[in-house]
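What TrEMBL records for 12-30 is transmembrane segment. According to TrEMBL, the domain 'Alpha/beta hydrolase fold-3' annotation covers 93-233. Residues or ranges marked as active site in TrEMBL: SER175. Look at TrEMBL and you will find 432-445 tagged as compositional bias 'Polar residues'. Among the features that TrEMBL reports, region 'Disordered' is placed at 432-458.
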Amino acid sequence: MRQRRRAYTHTPSYFYAYTLCVTQLLMHYFPFLAPRVALAPESHGPIIQWRTGGGAATLIRPYHQAPNFRAYWISRRHRRAPEPLATMPRVVVLYVHGGGFALGSVALYTEPLLRILGHMEHMSPSLTVDCVALEYDLMPHAHFPAPLLQVLRCYAHLIEAERIPASRIVLAGDSAGGNLVLSALLCLSGQGTSEVAERNWASLPMPGKAVLISPWVDLRPREAWSTERVRHATKLKPSLDILSAECLVQFAQWYAGVLKRPRRIMGPVTHLCESLYGTSFPLLRWCREWLERPLLRYGKRILPPEEAVSDPIRSTSELFDATSLAHKTPTTPAERRLETSPLLSPTLGDWRAVSLEHGFFVTWGANELMARDIQAWSERVTHATCYVESGGSGVHVWPFFHALLAPTMTERERGLQLLARAMMEGVSTTFVPYSSETDSPTSMPSDIEDMDDEGPRSMQEAWDAELAQIGVKLQSASTFSQNL
C-alpha cells in the first residue's frame, strides 16, 4: 500500500468552517427528512439546468430504466455531437453516489462528475470518457441488499449488453456508495453471494480499477472506530467531521433492518405542541408536509406521506436502537447480519481474493470519523494507493466539499483533479498529468457550444436567459429534475 498525506498549509475560511458546522448540526439532529429534500433531484435539477447554461438535457440522459435498476449517462459530449469513433480507446466510470443509503441523487453529483470528466479528457485528449451514474433506490423504499443488487445489475449490463471490456470500467463511489462498490467487488470474487443469489456474480470479470472517496467500510455499531463515540461518549474529544457517530449508527441499523423508521431530535416547537396537543396537532403535520417539498419549487412531494414520517426523540443518544447495543452479542437476525455480513461491512471480507488489474485508489480526510476504519481496511488491500487530506479540509468526502467551499480556483479543483488522475492512471495508456490552473477545465459545458443553427450568442445572454427561466418559468427550468 502506498500512502500520501498532504501537509497542512492553510486555514479554512470562516465560511468553510461555518458551512461544515451547519452540515454537522443538520446531520446530527435531523439526519433524514431535511437532508433528503435538500439533496433530492427535484431540488438540484434547476441548479444543474442553470449551471450548464440550459444544456443539462444533452449532457445527462437515461442509460437504462427498468424494474431492476436505473442509471444515467453523463458525458461532456452533447447529444447532437457526433459519436466517437469505434477505434478510439474508451473508459467508462460507473459511479455510485453516497448518502447513507437514504440521501443523495445523480443530480447532486452531476456537476462534480462533469468536471472530473473534463479533467480526464484534458489529461488524455485521444480517449473517450463516459460516466454511468447509478440512481439506486434509497431508504425507506429499499433496504439491504436491494441497492447492492442494482449495482451488480448495472455492472453486468455494461459488460454483457454494452460490450464494454471490464478492464476499461472504473468502479467509483463515495461514502455509502463506496460501501456498495466494495460489496460488489466481494460478490464478483465469490464472497457473501448467498445474500444476493440472483445469479452467479463471480462469473463476471473484475473491473479494471476501483476509486473510492471516504468509503464506509465498517457498519458494525459494536466494532467500528467511527462509532466509538457512541460506546465511549465521555472519553473522546469533539469530532471535526460533518458526520456524527449517532447518525452513522442510525443509518446502519436502518439499512440492515434493525430500525424500522428514522429518528430525529424533537425541536422546541414539536416538544411544546406535543405537550399541549399531542402528535396530531395540525401545525406538526403542516411542518412535515412543507419539508417534503422541493426547495426551489412548490410542487409534488418528494416522499409519500407514509415514507416521510420519522420518530421524534428527546436526546441524540436515542437516535439509534441502544437496547440492541446493550447486549454483548446480537439477539435478532437483523442485528447478527449487521455485525457479521461482509456485504454490509466490507472490511470483514477476504481482500486477498480481490485483485484488480489497475488496483485501488482510496482517499479520505484525516479528521473524519471513518478515518481509522478506512486506514485499517486499506492496509489489507493489495495494490492500493491512498491519499489522506490533512488539516481543516480533511473531512468526509473532502474533494466534493472542497470543490464547493475552497477559497481559490486551484484549491477547488485540486480534489477533482486528484480523482480524475486516479481514474486515468493505469486504465489509459495516453495519460498526460497536469496541474496548471490555466489548464483546468473548470467551466461547466453549455448548450451554446452546439448552436450552429441558431447563430452565435454570448455567454452572458445564455446565462441571462437561463436565470429568467428559473425565475419566471420555474416549471420549464426544472423539466430535467422531473426526469431524474
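Every residue, even glycine, has its Cβ placed from backbone N, Cα and C.
TrEMBL does not curate its annotations; it predicts them automatically.
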Grab the same-chain neighbours of the transmembrane segment (12-30) for me: Cβ-Cβ under 8 Å, and only residues 6 or more beyond its ends, written as numbers and ranges. 239-244, 246-247, 264-265, 316, 391-393, 395, 401, 405-407
If you skip the near sequence neighbours and keep only those at least six away, which residues in the chain come within under 8 angstroms of SER175 (active site), Cβ to Cβ? GLY98, GLY99, GLY100, ILE213, SER214, PRO215, TRP216, HIS396, VAL397
Over the span of the domain 'Alpha/beta hydrolase fold-3' (93-233), how high is the average pLDDT in this prediction? 93
